[in-house]
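Here TrEMBL flags 21-44, 50-71, 92-115, 127-148, 213-232, 238-257 as transmembrane segment.
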């Protein structure tokens, strides 16, 4: 007989309290990674009649500086404060899985701009690949973890809070844990609650797997279409504009779909508990023994 908990671990995060912050951060992200680079490119190239090489040199800091700032902040948090690190990681050099992906992204954007923008030639098709490659990088990993899990394999190395030799975790769940814990400053408290919720709630675990397939398949499909456009469009500028805008539109659509699915999952969990005779007030708090120091997390609704 399957163990039925009296309630589920409460996630210490209230999105309603962070609506403005989320909106501001998302707007800044879209502006610097999509709108501004495209607008600047066409203004400088066609309005100011600058060469593609000079135009790309001007645009690179616009794209790179915000990303590098975010990377430096993440690095400082993970090195300086243990609360930001994955569960079970006590060494200063232990980064989370998303941080290693961040490093990989920085490496290939440097490669793209190094070989795609020289004094002799500016290859706009190469410079258009940055965001589609990010889509392939994350979405491909989501599909890969599902295939590895299907084959019954175990983690060959630590993946954030999942130690080596454990069952393959959901890629989407790992990314969400890392971003919210570090970038959202929810720290180890969130990691512990997140891991406990996924371990205890069948609905939450199932939703995490669905997110892998949803983000994975849609990301690979959208990325493939953009790749075809980038390399086949008669005018490379068309591929550049589409690659740097459609990617963000896809991300916004997927983020909205994810929030709606999570809301339905939470409602399903609540209904399952109520059907088992759990009173509403008993759903309000839980002590996370075995997952974190004696901590009581209170639901915020």
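A Cβ is built for glycine as well, from the same backbone N, Cα and C atoms used for every other residue.
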Long-range Cβ neighbours of the transmembrane segment (21-44) (under 8 Å; 6 or more residues past either end): 15, 50, 54-56, 58-59, 62-63, 66-67, 131, 237, 240-241, 244-245, 247-248, 252
Long-range environment of the transmembrane segment (127-148) - Cβ separation under 8 angstroms, sequence gap at least 6: 33-34, 56, 63, 101, 104-105, 108-109, 112-113, 116-117, 168-172, 175, 209, 211-213, 215-220, 222-223, 226-227, 230, 236, 239-240, 243-244, 247-248, 250
Which of 50-71, 213-232, 238-257 contacts the transmembrane segment (92-115) most, counting Cβ pairs under 8 Å: 50-71
Other parts of the chain folded back onto the transmembrane segment (238-257), taken as Cβ under 8 Å at six or more residues beyond its ends: 26, 29-30, 33-35, 37-38, 41-42, 124-125, 127-132, 134-135, 214-215, 218-219, 222, 226, 229-231
Chain residues outside the transmembrane segment (213-232) and at least six past its termini with a C-beta under 8 angstroms from it: 125, 128-129, 132-133, 135-136, 138-140, 142-143, 146, 171-172, 238-240, 242-243, 246-247, 250, 254, 257-258, 261
Within-chain partners of the transmembrane segment (50-71) [C-beta distance under 8 Å, separation at least 6 from its ends]: 28, 32-33, 36-37, 40-41, 44, 102-103, 105-106, 109, 113, 116-119, 122, 124, 127, 130, 183
